[in-house]
Every structure is written in structure tokens, then in C-alpha cells.
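K.L.:
So Swiss-Prot lists the following for this protein:
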- 1-19: signal peptide (SIGNAL)
- 11, 14, 35, 46, 47, 51, 53, 296, 342, 345, 346, 347: FAD binding site (BINDING)
- 57, 246: anthranilate 2 binding site (BINDING)
- 180: N-linked glycosylation site (CARBOHYD)
- 214-271: disulfide bond (DISULFID)
- 229, 246, 296: (R)-lactate binding site (BINDING)
- 229, 296: anthranilate 1 binding site (BINDING)
């Protein structure tokens, strides 16, 4: 049996990005998830439902570092595989003076500037523009998975009830290191059970429209979770994601028709060309492809990205572990937690993967482990 250095729990964008990072470092890894990258219609994980665009809302240096690193990697991806990642113009519009606060990333993105009055259409009075990146998220997930499989990294479907099981899965054998990228699963996974993890429901509308630019509504008076945005997807299909909403602690995956209608109305106001009639139609003329719901994996304190040393085995957890988790009398192991990123999963993914890679390096050095090349 192949000997693995680590098992990654979670096959969303974080789990797959981390697996790629560790593979590039020469580690033998495997990915295990309830849902696989091909399950693009599953509401069991958030990754397939994202827009996604790079629009950082980092509030501290660690978050800024992750987002900026990912931005730089997206630049490379956009040149190499443009149908996955594309650089395009962004426009953020608002009505009242002072609504926009100058962002930290104004010198990271391309061509940041305030719009002239004649460049802003009614009912808006102010705006800002710059260029950044958007992803075709379903294709990007499949790309990450394909890259891993080409490197002979297994991506397996398994439903684990406890963290301890991951250290001795029948298909993979015994490992001493697990990466916990379980997203919302971190709330219920035995051995983690983080009560501060919760969902933030997002609802979007996938449409087909002749729009190539991203748009966002800046409205300090908007209802919580109700801020319109428009994200064209790279590729030849002409697909555009319209959003959005952000409803904390809402576990429902049902589409709310009233929310969908409000999204279409607000987005048509942001960019009338969505109607396919040069802006001369109404929101009802927008060509709707599908209505979508995803549950963002949020954590009250933000991302948890840290190493935890654990002891597993019959002497420690005989009352909790499943049979697969009982692997001897008190074996010392490690786990790197990487969950709770909320709505910033894609725009921080590669920066988080880099950080996890550094934590793994430190853990292996401390534990006198060598990669199983």
C-alpha cells in the first residue's frame, strides 16, 4: 500500500488548493470529502456556487497577505488558462457622497481610479473602477481536481463522523497528519466540534447576458446581506452570476423567489445591458439560466489556520472514536486546521494553501518526518 504523508479532509476549493500546494512540495497526500469536485449540483459544500471575483474585504494583515498572494497567482493563471480566470474591469457605483471607503488594495489591482460624473449612469452619482480577476468556479474546481489526479493524488468519497478516523482509513492506511478543510463540517466533526462555525446563506441567479464587466452596488443603507453584484464568468458561454444575499445562520437551501426578483431588479439597475436589449428592456427580459443557493462556511473569529497536536487511540478516545479511529494506545499525531473562511474562499485560497504548506513544513521538521516520495 502507498504510504501517505497527509490526508486532506474536504474537497472544496481550500482542500484542493492545499492538496496541490503540498504535492508541489513533494508530499504524498490524499483528499477525502463527503462531496467531490464533480458534484457541482451539491449544496453540501459552497465551492460550486461561488461567483467568484477577487474583491478583498480583508481587515487585518494576515488576511491581506493571503488575498494579495492569491491575486498574484491568479495573474499567472489568467495568462495560462484564460477560460478559467480572466482579468476584467470592475465598476462599483453609489448614490450618496462618502459611501465608498478607499480600499487597502487600490495599489494591488490595476488602474484604480474614481469615475468621472459623465461615466456614471442614473440613478447613481459616484463610482470607482479598476481591473481584477474573475473565475469560472465549476471549471476551476475540475481543473484543480484534474491537476491532482494527474499527479496521482487520490480524491475519495467518504463520510467521516470523527477526525480520528482520518488517521487510519482502510483505503489509505495510517497517517500522522490530517488537514482539516471541512468547512461547515467542522461544526459537527467529532474531535473538532467548533460551535462558532455557522452558515451564511447566499442566493444567486445564473443568467446569459452580453456583459463583460463586474459591477457592485455600494449602499450603506442596504438591508443586511442585500448588496447587488454582477460577475461574468470566463469562457464562451456568456454566463453571468447575479447576486446577492448574505443570511447568517440560515441553513435553508431553498430558493426564495422574492430574493431572486430583488437580485434581478437591482442588478438591472446596476447594468441595464443585462436585459439583452441594450438597456432598453426591463429586468424581466434577462435570460435566466438557473437559481442557486450555497451555504458559506463562516467562523465567528474568521479563518482558523493553525497546527494542533493530538493523541489518538484506545486509551484516549475509546468512548468516542469509531472503530477506524482506534489505532493503538495513544499515538501522537497532528492536524492543521484550515476552515471558516466564509465568503472569501476563492480570493484567499492560494494564500491559505501557502500558509498551510508552511505550517506542515514546521510540523514535519518538529516531528522529524520526511516526505514519502
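We count from 1, first residue shown onward.
For all residues, glycine too, the Cβ spot is worked out from N, Cα and C.
Values in this document were obtained by computation on a predicted structure and should not be read as measured data.
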K.L.:
Short question: which residues 6 or more past the ends of the signal peptide (1-19) have a Cβ under 8 Å from it?
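P.N.:
Residues 27-33, 35-37, 45-47, 50, 137, 140-141, 144-145, 148, 153, 155, 160, 163, 166-167, 169, 172-173, 175, 177-183, 185, 189, 338-339, 341, 345-346, 349-350, 352-353, 356-357, 360, 364, 369, 371-372.
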K.L.:
Where residue 53 (FAD binding site) and residue 296 ((R)-lactate binding site) are concerned, what is their Cα separation in Å, rounded?
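P.N.:
Just about 15 Å between their Cα atoms.
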K.L.:
Measure the Cβ-based neighbour count of residue 246 (anthranilate 2 binding site), defined as the other Cβ atoms within 10 Å of its Cβ.
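P.N.:
The Cβ of residue 246 (anthranilate 2 binding site) has 18 Cβ neighbours within 10 Å.
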K.L.:
Cα within 10 Å of residue 229 ((R)-lactate binding site) is the criterion; apply it to the recorded positions 11, 47, 180, 246 and give the hits in sequence order.
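P.N.:
The recorded positions close to residue 229 ((R)-lactate binding site) (Cα within 10 Å) - there are none.
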K.L.:
What are the non-local neighbours of residue 11 (FAD binding site), defined as same-chain residues 6+ apart in sequence with CB under 8 A from its CB?
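P.N.:
Same-chain residues close to residue 11 (FAD binding site) (Cβ under 8 Å, separated by 6 or more) are 31, 32, 33, 35, 36, 37, 45, 145, 155.
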K.L.:
Among the disulfide-bonded residues listed here, 214, 271, which has the most company in the form of other Cβ atoms within 10 Å of its Cβ?
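P.N.:
Neighbour-count leader: 214.
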K.L.:
State the Cα to Cα distance, in Å, between residue 346 (FAD binding site) and residue 180 (N-linked glycosylation site), rounded to an integer.
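P.N.:
With distance taken Cα to Cα, residue 180 (N-linked glycosylation site) is 17 Å from residue 346 (FAD binding site).
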K.L.:
For residue 342 (FAD binding site), which DSSP three-state class applies?
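P.N.:
Note: residue 342 (FAD binding site) is helical by DSSP.
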K.L.:
Between residue 180 (N-linked glycosylation site) and residue 342 (FAD binding site), what is the CA-CA distance rounded to a whole number of Å?
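P.N.:
Checking the Cα atoms of residue 180 (N-linked glycosylation site) and residue 342 (FAD binding site) gives a distance of 15 Å.
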K.L.:
What is the biggest Cα to Cα gap, in Å, among 229, 246, 296, the residues listed as binding (R)-lactate?
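P.N.:
Spelled out: the longest distance between any two Cα atoms in 229, 246, 296 is 17 Å.
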K.L.:
Roughly how many Å separate the Cα of residue 296 ((R)-lactate binding site) from that of residue 342 (FAD binding site), to the nearest whole number?
P.N.:
5
K.L.:
Taking only same-chain residues 6+ apart in sequence, whose CB is under 8 Å from that of residue 47 (FAD binding site), what do you get?
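P.N.:
Listed in sequence order, they are 12, 13, 37, 137, 141, 345, 346.
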